[in-house]
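Taking it in order: structure first as structure tokens, then the write-up.
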Amino acid sequence: MTEQEKLDKQEQKARYLRKAKTLSEALPYMRRYAGQTIVIKYGGHAMGDDDLSHSFAHDVVLMKQVGMNPVVVHGGGPQIGRMLEALQIKSSFIDGLRVTDKDTIGIAEMVLSGSINKGIVASINNVGGQAVGLSGKDSNLVIAEPLRRTRKDPDSNIEQVLDLGFVGYPKKVNADFLRMFEESSVIPVIAPIGLGENGETYNINADTMAGAIAEALGATRLLLLTDVEGVLDANGELISEMTEEKARAMIADGTISGGMIPKIDTCIHAVDHGVGAAVIIDGRVKHALLLELFTEHGAGSFIGHAK
Ligand SMILES: Nc1ncnc2c1ncn2[C@@H]1O[C@H](COP(=O)(O)OP(=O)(O)O)[C@@H](O)[C@H]1O
Ligand SMILES: CC(=O)N[C@@H](CCC(=O)OP(=O)(O)O)C(=O)O
């Protein structure tokens, strides 16, 4: 054996040892989460690249394999935006929510329940999982009502009702239907579309949808995958643990804005309504889910009562 071959062999042995160590360190976490429901919100920004989508699919399959109940709720804001642009339909946002008229709701449903949902299902199934794609319409999974938003007019101080069109808020979640999947090898993948009481279609912010599902299932964790490290302070530093008071103050002073507002609102509501904890994590990092669940330090910004 040459010197180089000896070095290669040593390096290979060291690599195997590192892998074995990582696996043995993961064991207590696997035990902790066995049988627990983990709702994962997979944001449209986090879906960008094939390598990341592949590692996401792998992580979800591994979670199911080791006895957890992963439930995937996905977004697709950037993808809806691109389709609207191609069709020359203008789109605007209020507090991170897309104002949704009749044309927009048709496109949003087509993109979310169509290509995005089936793309995620296919990538999970390609790596050995058994995913099934759903939207809030299937089995009355999420019954929605119109979301009402008000804002004080700064001049008159009079409260105004904002018209968001077909933006919905989850009113009722069919948790029994989702619990059926806990007894099976099926991983549900859910598009954020809700069904109105008169058969209307509602566009639901995917964070809000994931939060409502996590609450209905009493999930142990709500993991929100996005395109930033987590919640950042005014200096751009990651805040690894957030309190409700701190989050409210940061929204009020503008440090938290745009799409981060519905995310934070969702996390606070979820931990106040039976979800163990919510974590905003960086979906741009490979195996972000495994890092959060199976390592001591976790990742991203944690909002909850107990680690
Ligand atoms: N304080 C903050 N910390 C981190 N991100 C923030 C903050 N305030 C606003 N944001 C914005 O929120 C975005 C994440 O929300 P969003 O674009 O809706 O993501 P997703 O598509 O993953 O749901 C970030 O890319 C960032 O631009
Ligand atoms: C009402 C509302 O804003 N709905 C969102 C639904 C998709 C979504 O939330 O996607 P991300 O998680 O990728 O942002 C939208 O139309 O963009």
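Using the three backbone atoms N, Cα and C, a Cβ is placed for every residue, glycine included.
TrEMBL labels come from automatic prediction, so no person has curated them.
The Cβ of ASN203 (substrate binding site) has ARG98, THR100, THR104, ILE105, ALA108, GLU109, PHE166, VAL167, GLY168, PRO192, ILE193 as same-chain neighbours under 8 Å, each 6 or more residues away in sequence. According to TrEMBL, the substrate binding site annotation covers GLY76, GLY77, ARG98, ASN203.
Taken from TrEMBL, the feature domain 'Aspartate/glutamate/uridylate kinase' applies to 37-282.
The site 'Transition state stabilizer' feature in TrEMBL is assigned to LYS41 (among others). Its own atom aside, the Cβ of LYS41 (site 'Transition state stabilizer') has 31 Cβ atoms within 10 angstroms in the protein chains shown.
Non-local neighbourhood of LYS263 (site 'Transition state stabilizer'): ASP207, LEU224, THR226, ILE280, each in the same chain, at least six residues away, with C-beta under 8 Å from its C-beta. According to TrEMBL, the site 'Transition state stabilizer' annotation covers LYS263 (among others).
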About how far apart, in whole Å, are the alpha carbons (Cα) of GLY76 (substrate binding site) and LYS41 (site 'Transition state stabilizer')?
11
Do you know which of the recorded positions LYS41, GLY77, ARG98 end up with C-beta under 6 Å from ligand 1?
GLY77
Chain-internal residues, separated by at least six, CB under 8 A from GLY77 (substrate binding site):
GLY43, GLY44, HIS45, ARG98, ALA206, GLY259
Consider only the recorded positions GLY77, ARG98, LYS263: which of them have a Cβ under 6 Å from an atom of ligand 2? Write none if no residue does.
GLY77, ARG98
Note the Cβ centroid of GLY76, GLY77, ARG98, ASN203, the recorded substrate site, then list each other residue of that chain whose Cβ lies within 8 Å of it, in sequence.
GLY44, GLY75, ILE80, GLY81, THR100, ALA108, VAL111, LEU112, PRO192, ASN205, ALA206
Taking the residues GLY76, GLY77, ARG98, ASN203 listed for substrate, what is the greatest CA to CA distance in Å, to the nearest whole number?
12
